[in-house]
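Here the structure is laid out as C-alpha cells; the discussion comes afterwards.
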Amino acid sequence: MTVRNIIRTIIVETPSKPGNLGKVATAIGMAGGDIGDITTIKVGPLSTVRDITVHCESKEQLDAVIQSIQSLENGIYVHAVSDDVLRAHEGGKIQMKSRMDIRSLADLRRVYTPGVADVCRVIQDDPDKARYYTSIGNTVAIVTDGTAILGLGNIGSLAGMPVMEGKAALFDRFAGISGIPILLNTSDPDEVVNTIKKIYQGFGGILLEDIGSPHCFEIEERLKEELPIPVMHDDQHGTAVVTLAAVISACRSTGVDLKDAVVGQIGLGAAGLAICRMFMAYGVKEMCGVDRQEAALERLRRYGGTVLQSIEELMEHCDIVIATTGVPGLIKPEMVRKGQVILALSNPKPEITPAEAVKAGAAFAADGRSVNNVLGFPGIFRGVLNAGAKEITHSMLVAAAQAIADCTASGELVPHPLDPKVHVEVARAVERVAEREMEMEPAL
Ligand SMILES: NC(=O)c1ccc[n+]([C@@H]2O[C@H](COP(=O)([O-])OP(=O)(O)OC[C@H]3O[C@@H](n4cnc5c(N)ncnc54)[C@H](O)[C@@H]3O)[C@@H](O)[C@H]2O)c1
Ligand SMILES: O=C(O)C[C@H](O)C(=O)O
Ligand SMILES: [Mg+2]
C-alpha cells in the first residue's frame, strides 16, 4: 500500500443530477487520489454540496486532484480545501474534566473546602491512602524532552506536544488512564531525572516518550532504580513488545521457530536496541544489527548481538528484518530477499512500504502504523496500575507480547488497534504476572 499522509477534505458542488458524483470520483482517482469519507452537506434542487475526504501521497498529487475536479467544469466547483488533521487539533485533543457534579453548596463543601481537609489529613497520616482518595493511582505522566519526536528528530518538546496529547488520548480510550503530558526543556540526564523525581508523587506511573538515544538509556535506568512507581520508555519497550508480538505471529504463520531464525535490526537507537535485547532475552540465537553510529554498534556488542558491516549484508543474511532508523526509503526493493519478514517501523514514513516489500518478495511486511506501540503501552500501564506494581519487568513485557500475538487473527501480524479485546488482554496478562511477582517478592 502506498503511504498517503496528506489528508484533505475537498468541498465540492455538483449539479443535482445522477452521474456527477461519479465524475468527481473518477477525476480524483485519475489524478491518483484515494477517496475516504463522503458527506453530503446540502442537497438543493439545482446543486448538491459534499465534503469529500481525499488521501494523497504528496502536495503535488493533491494539487493535481483539485485541478482534475476543476477541469470537469459544467457546474462542478471546488469551493474549499480543508486540512482535517490540523482541524482535528484545534484547541488540542485532551482536557481535564471533573468527575464530580458540583451543583449545590453541599456538593461544594464535600468536594472542596471544608470537607477536603479531612481527606488531606487521612493522606498525611497514611500516604498509601492517596491511591484510593485521589486520581494519582490512575494517572500517568507522559514525559518528553522532544529529542526524538517520531522520526522527525530533535524538534523540541513543544513541537512534540501533539504526539504527547495523542498518547494521552490513547491512554484514555484504551485503558481509562489519565495521561498528563510533561514537556521538558532540558535533555541533560541529571536534570531530567531530578525534575521527574521532584514531580513523580502526583502520578501512578511515568511513560517516557520520544526521548532520543543514547541519553534515554541512562534516564530510564536511573528512574527505574530511584522511583517507587512504574517507569517505561515507550519507544524502547512498548515498541519491543509489539515487534515481538508481530514476529511471533509471522513465525506461527510460516512454521518457523523464532529462536532459530536469524533476526536483523537496522537502527540501534532507543527502539532498535530494545528490540534486540527483547529478542535475545526471548531466546533468539542470532541477533544482528547495523547503525551508522559506532557507539550504537558497541551497545549491541555489549548485549551479545552481532554487528554486520552494512544494510546490504544484513538484508542478505537475515530471515527477519526490523528497521527503526527514521529514514524513509532506506531499504531498497532490490535488497529484499524472497520469503523475508520485513517490519519497517519508522513513523511517519517507513524504510520501505509494505506493498513494495511484498512486491519484492517478502512473505510478510508491515510498517509503523500497524506494528505500533499503541497496542502495548495502554494495557501494560493498566495492568501494573491495577496490580499496584512498583515496576514493569521483563516477564510482564513478554506476557504483553504473547497476549497481543494471541489476539492476532491467523494470517495477520498484529490485531487492529481499535479491537478493545487486545488492550484488555494485555492488561490482564501484565496484571497476572505483576501479582505473581509481588507474591514472590512482597514490597517492603
Ligand atoms: N512503530 C512504532 O511503534 C515505533 C515506536 C518507536 C519508534 N518508532 C520509530 O522508530 C524511529 C527511530 O526512533 P528511536 O526512538 O529509536 O530514535 P533514535 O534516534 O533513538 O534511533 C535511531 C537510530 O537509527 C540510526 N540511524 C539513522 N539513520 C541510519 C542509517 N541510514 N543507517 C543506519 N542507522 C541509522 C541512528 O544512528 C540511531 O541510532 C522513528 O522513526 C520512530 O517513529 C516506531
Ligand atoms: O507515536 C507513534 O506512533 C509510535 C512511536 O511512539 C513513535 O515514536 O513513532
Ligand atoms: Mg514514540
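Positions of Cβ are set from backbone N, Cα and C atoms, glycine also.
TrEMBL entries are annotated by machine, without manual review.
If you look up TrEMBL, you'll see 9-83 marked as domain 'ACT'. When pLDDT values are averaged over the domain 'ACT' (9-83), the model yields 95.
For Tyr112 (active site, proton donor), the Cβ neighbour count at a 10 Å cut-off comes to 12, with all displayed protein chains included. Sequence annotations record features per position, and here TrEMBL assigns active site, proton donor to Tyr112.
Marked as active site, proton acceptor by TrEMBL: Lys167. The C-beta environment of Lys167 (active site, proton acceptor), restricted to residues of the same chain at least 6 apart in sequence and closer than 8 Å, consists of Ile142, Gly179, Pro181, Leu207, Glu209, Asp234, Phe377.
Per TrEMBL, divalent metal cation binding site is recorded for Glu209, Asp210, Asp235.
TrEMBL lists Asn347, Asn372 with the feature (S)-malate binding site. Annotation for Asn372 ((S)-malate binding site): same-chain Cβ neighbours under 8 Å, separated by at least 6 residues, are Val242, Leu345, Asn347, Pro417.
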Listed binding-site residues (Glu209, Asp210, Asp235), ranked by Cβ neighbours within 10 Å, top entry: Glu209
Divalent metal cation site, defined by Glu209, Asp210, Asp235: further same-chain residues with Cβ within 8 Å of the Cβ centre: Thr144, Ala148, Ile149, Val163, Leu208, Ile211, His233, Asp234, Ala270
For Asn347 ((S)-malate binding site), the number of other Cβ atoms found within 10 Å of its own Cβ: 17
Listed recorded positions adjacent to ligand 2, that is, members of Tyr112, Lys167, Asp235, Asn347, Asn372 whose C-beta is under 6 A away: Asp235, Asn347, Asn372
DSSP state at Lys167 (active site, proton acceptor), helix/strand/coil: helix
